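Noted in TrEMBL for the protein shown:
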ACT_SITE  A:CYS172  active site, glycyl thioester intermediate
DOMAIN    A:308-396  domain 'E2 binding'
Amino acid sequence: MGSCNILVIGAGGLGCELLKNLALMGFQKIHVIDMDVIDLSNLNRQFLFRRADIGSSKAEVAAKFINSRIPGCNVVPHFKKIQDYDEDFYRQFHVVVCGLDSIVARRWMNGMLISMLQYDDDGELEQTSLIPMVDGGTEGFKGNARVILPGISACVECTLDLFPPQVTYPLCTIANTPRLPEHCIEYVKMIQWNKENPFECPIDGDDPNHINWIYEKAQERANQFNILGLSYRLVQGVVKNIIPAVASTNAVIAATCTTEVFKLATSCCLPLNNYMVFNDVDGIYTYSYEAEKKPDCIVCSNKPKTYFVDNGSIKLKQFIEDLCESKDYQMKNPGVTTSIDGKNRTLYMSLVKSIEEKTRDNLNKTFDELGLKSGSQLFIADVTNPNTIILELKYTQTSEMVTD
Amino acid sequence: MASPGPKSPEQSEKSKKYDRQLRLWGDHGQSALESCHICLINATGLGTEILKSLVLPGIGGFTIVDGKKITEEDIGANFFLDIDSIGKPRAQVSTQLLLELNPEVKGDYVDEPIEQLLQNNPNFFKNFTVVVAASLPERMLIALSDLLWEADIPFIATRSYGLIGSARLQIKEHTIIETHPDTQNPDLRLDQPFPVLVKHLEDVDLTKMDLKDHTHVPYVVPLYQALQEWKSSHNGDLPKNYKEKEEFRNLLRKGIKMNEDGVQEYEENFEEALKAVNFAIAPTVVPNNVKEILNDYNCINLTSKSKPFWIMAKAVRDFVDNEGEGLLPLRGSLPDMTADSQRYIALQQVYLQEAARCSEIVHRRVRQLLHQLGQPVDAISEADTKLFCKHASSLGVVRGRKISDEYDTKLINTSLLAQGVENSESLIIYYVMFRGIDRFYAEYNHYPGEFGDEHDIVKLKGSIAKLLSEWGCGPLAKDDYIHEIYRYGGAELHSVSAFLGGCVAHEVIKLVTGQYKPVNNTFIYDAITTNTETIDITNLHGIF
Ligand SMILES: [Zn+2]
């Protein structure tokens, strides 16, 4: 275990626990990545931080604390985003443990580890290229832990439907028929802020002046409609999308993850196969089961995925919306390129402003107008994955129905 | 200055620090936490992990009882001991390092062996809200169990042993107002509407509305009106089975507006009404578990010492029998539903005001009862009664059993043990192992395998065989578990301690805040298979 090199992603609620656990279990070579700095609201559970540390890097303070408390343990901090590193960095680790609150980051890491798999000439997976990923997540008194053997067991993308979509309210409710205090807050956040532009900048949930302004305006709107139950705490919760968190659940989930790392490193017994849920609202409940690998998973199946549409009359805009909304893809800001007659062509890309402007007109064009055919390949880049995903178009209506 | 907006409440430092947990147990849960005092016996790795998850959220204070001096082995398994502390009192160092986590928490320690303290000053343990003991040998466990049962102080005995762990809660009686159920049907009373609701729902004439208004009526209205129509043609009965509910849905569908072509419009409120048939058309009743509480001995037979929970329960019971006409006080909340603001808020107000009326009646009864019992009439505030009424349909009472009962062959559930030993899926086998380990320890004064002596295997087998025969159970089929326990040698694995530490800390929080349901009563964790099981090993027939 002294030689086993572990990467911990996140030095927050789960990360602090993971670092302590791994160090006490005898792991000595640990790296930790976190791009965040310490906030007052972390101190009810992130026990490696003190009041004087507020504003400092989580990774750096956590590493320093562990190294001073546990002799022989060497935690190396990285005050970075995971996207700042490439596979040359990730290849040095034997196990990756994630304690993240971001689904996008989790998916990105999952994609990275799968893209690092190597296969021999017979198509057999080379075991040395496999880095197991142990992943934990918590929300209030609920949590889950899982073990992913990339290429072998279900990956994050295989089980995307486990992540509940974020609660959203229809725009017409927010604008015309508010009933809940949340509707009033969303109204101020989505409509009134842009209209009045009180601080001449986008909303910063950590700026108390911004929260105060939203609170006051939301209260005015709630009063206007006689809506009850608006509070400052609720405003903060909605604006910052706060997930409740307690020390105890983090302790349980991080401990489960650590035991799994220990099993993987020592082979003392079989690792969790492969998903455990935990809930201690009513007694203490746990349930372990095998999440299934999706045979056509866009990330781990190693097969090009087919994208079925009726015909070429679908607009690029609709296609991109589907990538964002369908529960199989749940992408954030996909960029689409293709290859037509051997030449690469960017159809749309939102992240780079100049390209966005140049490709914006394509959004309203149909696949036919863009020169795409059944069998064309689309290359999709998205923040949820470090690599490009290839989708092969397939038109399900017979060809004679499509006029050339 | 132009018209100033409503003043934003300045958030205190404390509410910022505890923000993420206040969203769960609220300010009242936090203040209960801040006024508790927890005793930890044995600052082992598991012991300090429990306190860590209690100090961080801000308990009032803790006291550690531990007479041991720190060894090198201790440091390897315990984050709250440092390398310079070898030879120092374990209670002292762990107290200091735990206190660094939260300046708001007070902590002290007693550097004295537990057996000594139990003998010389048993009253010491009566000062605490909850007592938690890690790895307590059998003799002390039984003594402390009796003492704390008598004193009516919740007690948790827990242990972390190799890849296995357990926690045993001993609570005489624990009452819960806020159980926080994951899912709960709305309390709409459509089958037995109160007069104001009847008037409100019948005043709406859906036939005279244009489409826009029609689609913005809360679904409760068409649902109620269709139900009246159904009842008038079904002897006043509700749709009972699947078939009748389907027929009722068809009736409901008839209310959907048609366009000029005679095709039904899409009306979201009606879609919601159709979905609500499943849960909103059931008869309103007092749930069985609440009935049990209202019929409980402690509810019916109030005394001058009765706790507020039982006084409020009695007041609710009397309400049900009188003004409530067989029903609990109305919860008063209305789920969100498609509607325009004005109609939704008006309906919400109807429910809210009726709930307020119910809780006022209950509170009058509470005051009467307090007066009759000779307790101060302000012992229970109106807000307390209101909270109680709001959660009346999900109240909880947990009655536990004494740990020392498990050491009486007449009071332990031997058939459950026998089943557990035979069933390879059950974790009860580890309960048997722990009892065997304790028996072994009492006899040989060390843990099996602690010094690598293989004779311990036979001795442990002997201890377990004796126990099983005392319980009238057959012998173990295989020796696998014995060998596994021997291999652990009594050592703590930190990740197993950390898992249990989190679990036990939250059980303490449940006991202190009176929110969420605690484990009843033995929790076993197997890190090998990542399974847990909750059992009650005492024989229910022994007492009821
Ligand atoms: Zn996959």
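Each Cβ is built from the backbone N, Cα and C atoms, and glycine gets one as well.
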Q.
Applying a 10 Å Cβ distance cut-off over all chains shown, what neighbour count does the residue listed as 'active site, glycyl thioester intermediate' have?
A. 8
Q. What three-state class does DSSP give the residue listed as 'active site, glycyl thioester intermediate'?
A. helix
Q) Could you give the mean pLDDT over the domain 'E2 binding' (A:308-396), rounded to a whole number? A) 90
Q: Kindly report the helix/strand/coil residue split of the domain 'E2 binding' (A:308-396) according to DSSP, in that order.
A: 22 helix, 33 strand, 34 coil
